[in-house]
Amino acid sequence: MQEIRIRGAREHNLKNINVDIPRDQLVVITGLSGSGKSSLAFDTIYAEGQRRYVESLSAYARQFLGQMEKPDLDLIEGLSPAISIEQKTTHRNPRSTVGTVTEIYDYLRLLYARVGKPHCPECGTPIQSMSIDQITARVLAFPQGSKLQILAPVISGKKGEHKDVLEKIRKDGFNRVRINGEIRTLEEEIVLKKNFKTSIEIVVDRIVMKEGIRSRLADSVETALKQSEGLVILDDGSKDHILSQKMACPNGHDIGFTELSPRMFSFNSPYGACETCDGLGSLLEFDEDLLVNDPELSLVDGCIEAWAGSKSNGFWFMATLKSLSDSLKFKMNTPWKDLPEKTRQTILYGDKKIKIEYDFRGANSHYEFTKEYEGVIPNLQRRYKETKSDSMRQWFESYMTNHPCPSCKGKRLKRESLSVKVHNVPVDEFTSYSIEKALNFVQNLKVTGAEEIIAKPILKEIHQRLSFLNDVGVGYLTLERSAGSLSGGEAQRIRLATQIGSRLMGVLYILDEPSIGLHQRDNTKLVSTLKNLRDLGNTVLVVEHDQETMEESDWLIDMGPGAGVHGGSIVCAGTPAEVSKHKNSLTGKYLSGRLKVPIPAKLREGNGSKLQIIGAKENNLKNIDVNIPLGKLVVITGVSGSGKSTLINDILYNAAAHKVMKMKTLAGKHKTIKGFENIDKIINIDQSPIGRTPRSNPATYTGLFTPIREMFAGLEEAKLRGYGPGRFSFNVSGGRCETCEGDGILKIEMHFLPDVYVTCEVCKGKRYNQETLEVRYKGKNIFDVLEMTVEDANQFFENIPIVKRKLETLLEVGLGYIRLGQPATTFSGGEAQRIKLATELSKRPTGKTLYILDEPTTGLHFEDVRRLSEVLHTLVDRGNSMIVIEHNLDVIKQADWIVDMGPEGGDGGGLVIAEGIPKDIAKIKNSYTGQYLKKIFTSSEKISRKTK
C-alpha cells in the first residue's frame, strides 16, 4: 500500500474527515492553532499505531501497558509502527544530561576506562606500576607501633551470594575476611543476600610495625597481591590505603586507584560519584541574597525575612538579634547595607565566642540564661535537617540555591576519576565541550597500536551521535548541560538525532514543530535531517508552521478553515505548489505571498528612558553592555545558543523581579543594571501551564469565574435559596458534588497498572450537585456555562460588561475556540501563553509595565502570528515596554528596536552583533538575522513597486 488511508476521523474537533497520506514521504500538517492538526497526527494516527502495536503483544505484556483507547474513527489502513517525537522536556531528573540522554556519555565512560591514562590526583604525574619491594617500602614507612591489617580485595561491589569465592578462601587456608567493612571469621556460616552489592577482602595478615618485620611483611604483601591480582589494601584503623602493582604515583603520593572500569566515570554510581554531592555537582545551600531580600531595610524592619517573618519563633529571633546588637554595639534600626561587613557575617554565620544573654519576662514567669550565638544560616540549616514537614522543607528551600560542590567544583566525579585522561583531556573537560567542539576533538583524536583496536568502535559510535546532534542544529549545547534546562524544541531535536542514529526503516515518525527555537540559518540543516530520515525508508509526518519546512515537504495537508469548532476539516492537500494556489487555503495565501504579516509604516519613538545592562557575563555572555529602550517593542534575535535567554531571562528578568517586585530571584552574573526606576512592574509571559491540575481553567485564571459566580448568586432563584457565590465554586463544599469533590471524575488506583479515571456516577461529570444545577441564567446552569466556548460565551454574556470585556480579550488573541472550563493541563504552551496575554490585556494599564515573552509564536500559524502581533502592539501602545525573544521573521520585522546576539551559539556566541531598527540591522553583513531581514525588505519593496 502506497498511502495511509484514514476514513471517518472524529477525534476531538475532527469533522468525520477522510484523508490519504503518502507513505515514505515527508508530509507536513499545518493550519491555524486549534484547527485539529495534533488531533489528526497524535490523537488519531499515532494513538492507533501505538494501540495496534500493543494489541500485537502477549496478554502478559499487555497487563503492564494498560488498555489503550481506540481513537474515534471508522477506518485506518497502511499504518506502520509509530514513534512520536514531541516538544516535551521529559527529563526533570537533575542527573540527566545531554550526554546521558543521547548515550554518548555511556560510550565516553567505556573509552576512558579502556584507553584512559591515570594520573596522580595530587601532582598530576602519570601513574606507574609498583613492585613488591616498593609496596613493602611504603608499608615500612608507617611509624613504629602502628597496627595494620593487610587485605586482599577479591570482590568489589558485586551482587551475589559468592559462596564459591568464600569456599575457595577457606580452602586456601585463610581464617578471616572483611565483608562490607566488617571483619568476619570463616568458621561461622556466612550468608550473603544475592540482590545486594558486596565487597569481600581477605585478611592476609595483622601486624604491629617493629624492627625485623620486613621479611614477614614482604611475604604477606606478595600473598595479598597474588590473591587480588595486583592490589593490596592497608587498613590502619582509621582509613584504607590502596597500593597497586599496576597503579602508583612515582612521587609517593597515597592514591586510591583500583582497576579502571566504566562505573568509575559514572556520577550515578557510588564508585564514581563525588562523595560530597553524590554526583549532582551542586549542593543546596542558604543564600545570603535571598535571606536579605532588601538591603535597604534594617533588622527592626525585618530585612532577614526568614527570622523576622516567623510566626512561631519571630519574638525569640528578634530578641536574639537585640541581645547580639547590645553585645556587638550596633543599632537595630541601621539599614543592613550600612552595617559593617564583619557584623553582617557574624549575624548570618554566628560566632561561638559570643555569648548572648536572654531575659524573658511573662505575667507569671521570668527566664534568664546565657547561650552562644548560633547565627541565622546555621540555625536554618539545623532546622532544615530536623524538619519532617514537606511544607516546612519547601519554605526553607525558598531561601536556598544550588552552589557548585566545594569538593568536585561542580564536576560530579571523584578526583581519581577526574585524573584519568585521554590525550591529556579528562572526562569532565570533554563533557564541557560544545557538541561541535567535541566532534572536532573526536575527529582529530589519534590512537595507535592495541589502543586503536579497542578505541575504534567506541569512537565510531561517539562520532556518529555527535554528528547527528550537530546536524539537527544543537551543536552549541554542551554534553554536561542538564536535560531539564533544555527548551521543548531542543529536547525534541535531541530525540530526533537519537532516532536517526537508530537507522530504523519502515517506521512512521510523527514530530511536533521541530523548528521551535531554531534560527532561520539552522532550518536548512533540520530539513536535511528530516529528509535523511525519510530516505532511510520511513514516513515522516510533521506538524509544522515554518515556511521553509512546508515548501521543502513532499506533501502538505492544510487543516481548518478556522480553529476549534470552526476547524477539524481538510481545507486542501497536495504538493506545496498545489496548496499555495488553492483559493480557500489560508496557508496557501501566505505561501504564495497573496497574504502577508504587514510591516509597520512607522516605528515608535519610545518614552526616552532605557534599561542599561552593564557587564553581563552569565553562561556564554562575554562581559557585554546592552541598552533596552523603553516604550518600544524590542526583539532579541540571534542563532540558537547565542545568549538571548541568558541575557533577558536569567539576568534582566531575575534582577528586575528582585529589585522591582521584591521577589526571591537571583540574577545571573552582571555588574549592574540601570533604569529600574522607569518601570513599576515586570511580567514574564512564558509558556508554562496556567495551572498544574485539571481544576485550573481559563475561567479561573483570567478572573472570569468570579463575576460569573456572582452573577449566578444574584439571580432570583439563588437568592430565594440563600446561595452565595461560593455555592457555584467546585473547589469548596456546598454546591459541588461531594462524591468527586468537584472534579467530575474519580481516580481509581490500579496499583501496578496506571491509574484509571472514570466519570462520577452521581453528578455524571457535571461537578455540581443537583440543587446547584437547578439555578439557571437564560436557560443555562453553571456547568453549561463552563462547557461554552469563548466565542459562544461572548454572545451569551453580551449584557454583562465585566464578563464580556475579559472574553473579548481572549477572542483578540485567537482563543475563541477554547472552553471556559477546559482543564489547564490540556493546553499547549502557545495557548497557555496567549491566555496569559489576554489576562494582561484585560487589566487597567499603568504605562510602566515591562513585558517579557520568550518565543510567543510557538505553535502559531501565519494568521495567528498576525493576530498575536496586534495584541503585542496594543500592549505597547498603552505606554508599556515589551521585550520579545524570537526567531520568527514576521515578528522581528515589526520591531521598533532589535538586539542581535551571536555570532554563533555556545562558546562562539555571547556578543551583541548589532543594535538598531530592523532596516539598519538588514544592512549589517555579519548578522545572520540581518541577512534574512534584507531578503524580506527587498521582497516588500519589489511588491510595493509593482503595486504602484
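The backbone N, Cα and C atoms fix where each Cβ goes, and this holds for glycine too.
Some features that Swiss-Prot has for this protein:
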BINDING   31-38, 638-645  ATP binding site
ZN_FING   249-277  zinc finger
DOMAIN    307-586  domain 'ABC transporter 1'
DOMAIN    606-934  domain 'ABC transporter 2'
ZN_FING   737-763  zinc finger
Where Gly31 (ATP binding site) falls in three-state DSSP terms: strand
Intrachain C-beta neighbours of Ser33 (ATP binding site), sequence separation six or more, cut-off 8 angstroms: Ala563, Gly814, Ser828, Gly830, Glu831, Gly859, Leu860, His861, Asp864
Local Cβ density at Ser35 (ATP binding site) - other Cβ atoms counted within 10 Å: 29
For Gly638 (ATP binding site): DSSP state (helix, strand, coil): strand
Number of Cβ atoms other than its own within 10 Å, given for Ser642 (ATP binding site): 30
Mean predicted confidence [pLDDT] for the zinc finger (737-763): 81
Proximal but sequence-remote residues of the same chain as Lys37 (ATP binding site) (Cβ under 8 Å, at least 6 apart): Ile29, Thr30, Gly31, Val543, Met559
Around the Cβ of Gly638 (ATP binding site), the count of other Cβ atoms that are within 10 Å: 29
Count of other CB atoms lying within 10 Å of the CB belonging to Ser640 (ATP binding site): 25
